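> Sharing a structure with you now.
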Amino acid sequence: MQLTAAVSFLTILQEESVSIHTYAHAFLQVILLHLEHRDAGVSNAWLETLLSVIEVLPKETLRHEILNPLVSKAQLSQTVQSRLVSCKILGKLTNKFDAHTIKREILPLVKSLCQDVEYEVRSCMCRQLENIAQGIGTELTKSVVLPELIELSRDESSSVRLAAFETLVNLLDVFDADDRSQTILPLVKSFCEKSFKADEAILISLSFHLGKLCHGLYGIFTPDQHLRFLEFYKKLCTLGLQQENGHNENQIPPQVLEHEKKYISVRKNCAYNFPAMIVFVDPKNFHMELYSTFFCLCHDPEVPVRYTIAICFYEVSKLLNSGVYLIHKELITLLQDESLEVLDALIDHLPEILELMSTGGESSVQENKLSSLPDLIPALTAAEQRAAASLKWRTHEKLLQKYACLPHIISSDQIYYRFLQRMFTIMMTNNVLPVQKAASRTLCVFLRYNRKQEQRHEVIQKLIEQLGQGKSYWNRLRFLDTCEFIIEIFSKSFFCKYFFLPAIELTHDPVANVRMKLCCLLPKVKSTLKIPADKHLLQQLEMCVRKLLCQEKDKDVLAIVKRTVLELDRMEMSMDAFQKKFYEKDLLDQEKEREELLLMEMEQLEKEKQQNDGRPMSDKTFEKKRRDTKTPTTLPKNIPVSVPGPSGTSTPSTSKEVKKSKLIRSQSFNNQAFHAKYGNLDKCPSKSSTAGYTPSVSGLGKTSVISLTDDSFRTRNASSTPTSFSPSPSLPSTSRTGNSVDPKSSGSKDTQPRKATLKSRKSNP
């Protein structure tokens, strides 16, 4: 009841349920009354409430109700609990009064409590000196607080000495160079020298604050002192590791082994402070001074130590800059770590780390240096397989999401042969939905930056045949997830060309869940259409919705269809010409379309160059030549927007100058597209606003049963579905530049085969 009352009083204050005057009058005395409750938990709960109340009470109320009674509560005649409460209240009151009042009324109480006979009181008051120093200013801190800290640092109690040391470290910025060099530095040296003989709590605290200490005292160290502190840090990094002395763990007595395990926290703190120590020694001296220590921390036998150094790995990489190649092997080591906790900590910043590795830490794009790290791809694939085999699916999901950075780290062929098939396998076989979706999105990113049209077509074909036309309804659901990612990442024309018809064909799916998910996706599908170029696709979409309204028997699906119709009706249609209302979205879509066109141009020009030279151009050579080309700040404006149909090909220019300009333009795009941050894709809008929708359900007689596909799309029999990538000359596609499909003349051929396919699906839902 007491704990609940304390929390309730605090909630009333935080929600400003009553005025401050009313609150002080009604609740303050009740709070003060229970501060000395015999139960420590109850007393602390009321104290926390009081400390929050002090922040908002006016000065006069604080003086009369809290500060004046505090004089008697802080006397030695009072209980230890009363004096401990007084210490914490004094630390909070300092920021509420002017310097004159603090000096006259508060500092005498502070000095008295710092000299208290009980070590708990001295330690508690010492930890409040940091708050007091911030309230009284630099001069009073130097004349009043610093002498007290010096005296407390020599206290007979180790807990008091520890509190004094930590307070000194936190107040380093307050003191000038003379105070640091003449007063604080000798204290710190003495503290370090005695730390190995003191209890482990002091050693753990020292290892935790060592980075901050070295940073605060940087500039006043002599070369000898600098070297001594560095050696002290190195010693802490290996504290408790008997392997250095050639001992075997089985030869160590159990008592000694148990004692050495307590040093794990010390080494963990050293790993936490490692970036600060790089700054301390200067990154240029990393290899000579700290590389061996970094190696030991990455190979430490204890997981908490390796976990902490994995968290710091990105900071270390940034600090080393051009020297980041020195820690390539340690990156591989942590990727291959047997503990998934270590891997989980490392992959938080894996894209940034790999980018630094690939560019050598320089801001300008250089020749890819990951070629000197042949173990990277096996380490990445092994890490994914280890995560997949575990029960920690969130780590697996996060790793797959981070793999989306690979297109600007390694070559397109390496991704195609080492990662793409694995993404398909995860989508088809994994049982965790978030993992499947992460694999689907990463696969779409891989497809987006794939440089070979044949490979792109194989991936698209496999997506349609094995997912969109798969026997399992679960695979067909994942196909719709993939369509959503395609809409987000690719241009509108790309989706319409390859995925529009396979997606809306699922309106006839025998499983209600698939039809339901498709209905939820239809507004995004419609947002990819542009009028008048996609008028024939809009007719197909309207026909699907009319059929669903008339023929759907599942009540849940029908309810969603009706809601979707209302949403489609409210949508506005994008036009081929830019509209002011959708200018930014249309411009972004046009940029995506230009990049996709440039990918095809770049591939064609590369083939022509190989034929002219009479020898194939290696990926590495092409990358080097591409990077030598200066990248323009913006993409060329004269690139055509429309995407040619599947049977159409661009006419090659007979002019050498035109070819040369296209090559430069393609190379420039490659520089931008493949080295752009993959995270920018997350910022792309997933849909654009589109046109009014008014489906008509009248006149749907026997003659209106029209196929949803044109002659360029055929439903494939499930038995002919390939199990691996195989080139296919034909893909389901629609062209914005092609003739509009007349729905009245395109339905008779495919109606019967489609019905046969549906029957086979019903038998295997």
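Cβ coordinates are placed from backbone N, Cα and C, and glycine is handled just like the others.
Sharing the feature lines straight out of TrEMBL:
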type: COMPBIAS; residues: 606-630; note: compositional bias 'Basic and acidic residues'
type: COMPBIAS; residues: 686-697; note: compositional bias 'Polar residues'
type: COMPBIAS; residues: 738-750; note: compositional bias 'Polar residues'
type: COMPBIAS; residues: 756-765; note: compositional bias 'Basic residues'
type: REGION; residues: 606-661; note: region 'Disordered'
type: REGION; residues: 679-701; note: region 'Disordered'
type: REGION; residues: 713-765; note: region 'Disordered'
type: REPEAT; residues: 106-143; note: repeat 'HEAT'
type: REPEAT; residues: 145-183; note: repeat 'HEAT'
> What does DSSP give as the helix, strand and coil breakdown of the repeat 'HEAT' (106-143)?
33 helix, 0 strand, 5 coil
> May I have the DSSP-based helix, strand and coil counts for the residues of the repeat 'HEAT' (145-183)?
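Residue counts for the repeat 'HEAT' (145-183) by secondary structure: 31 helix, 0 strand, 8 coil.
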> Average pLDDT across the repeat 'HEAT' (145-183)?
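Averaged over the repeat 'HEAT' (145-183), per-residue pLDDT gives 90.
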